[in-house]
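> Sharing a structure here in structure tokens format.
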Amino acid sequence: MREGDSNSKKSADVAVLSIILTGSTLTLIYTYKRYLTQFKRTNDIPRRIFRKHWLYGKVTSVGDGDNFHFFHMPGGIRGGWGWLRPVPQMIKNGSTAEKLVGDSRNMRFFNFNWITHGRSTKSKIQKAKSQFLKLNVPYKNRKNLPTIPIRLCGIDAPERAHFGNPAQPFGNEALIWLQNRILGKKVWVKPLSIDQYNRCVARVSYWDWFGGWKDLSLEMLKDGLAVVYEGKVNTEFDDREDKYRYYEFLARSRKKGLWIQNKFETPGEYKKRI
């Protein structure tokens, strides 16, 4: 083979190799940006994700009965989380929820009516509360992390004490239940919209070893710790409104959780009143 032909072949090989390397690099960049980029705040989530895709991550903080903070971990272990990319470590609580919000359990009912029915109702309410207050909250909330605030779709949990306003009955119990169920655990989140507080309204799914995949909003309704969302703005059900209303009806008919009360003010009514 002549020297000129040999040089031409080498040049062609180099060109092909360069094209392959360039193509591979561009593919890797595209794959990373599309599938492995971490969303660190609500506004980072692309519009193409809403209503169509699920995000995987860890719950690092639960501050209320129907919302929490979500640390996005795209790709999971295959995306490098836990061996190439650090995952926030939770701090063990070392305390039960009963100690953390003992004020809820020890709440005094100032009722001077000694009629047996009244005393029986009060006892039933305390008993209903106690089953939630005894739940273990294994971790403390982690703050100051790049997380997305998530608002559970389709439901409203009883309000806790805010800005000097009193808490609703079962407000603390709903918080404890949610902390027990998801704090420090991995969940899947399906973004649906963004509300007026810049929270991502989403359907949330988590794995239960005894029952498989669970819809978090639905589980709260089943246990009587939330009602179907009543608002007219940012109303999101992800095509599950009928199912949510059915299980709310079951919880109400069985007097589970907050439905044990004879007189009940919904979270929506409470917010309008104050």
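The backbone N, Cα and C atoms fix where each Cβ goes, and this holds for glycine too.
Swiss-Prot feature annotations, pasted as is:
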type     : residues : note
TRANSMEM : 15-32    : transmembrane segment
DOMAIN   : 53-261   : domain 'TNase-like'
ACT_SITE : Arg151   : active site
BINDING  : Asp156   : Ca(2+) binding site
ACT_SITE : Glu159   : active site
ACT_SITE : Arg199   : active site
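Could you place the listed features in the three-dimensional structure?
In the three-state DSSP scheme, Arg151 (active site) is classed as strand.
Asp156 (Ca(2+) binding site) counts 21 other C-beta atoms within 10 Å of its own C-beta, drawing on all protein chains shown.
According to DSSP, Glu159 (active site) is assigned to coil rather than to any helix or strand.
Of all Cβ atoms in the shown protein chains, 19 besides its own fall within 10 Å of the Cβ of Arg199 (active site). In the three-state DSSP scheme, Arg199 (active site) is classed as coil.
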> List the Cα distance (Å, whole number) between Glu159 (active site) and Arg151 (active site).
14
> Please work out the number of neighbouring Cβ atoms within 10 Å of the Cβ of Glu159 (active site), leaving out its own Cβ.
22
> Measure the Cβ-based neighbour count of Arg151 (active site), defined as the other Cβ atoms within 10 Å of its Cβ.
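Excluding its own Cβ, Arg151 (active site) sees 22 Cβ atoms within 10 Å.
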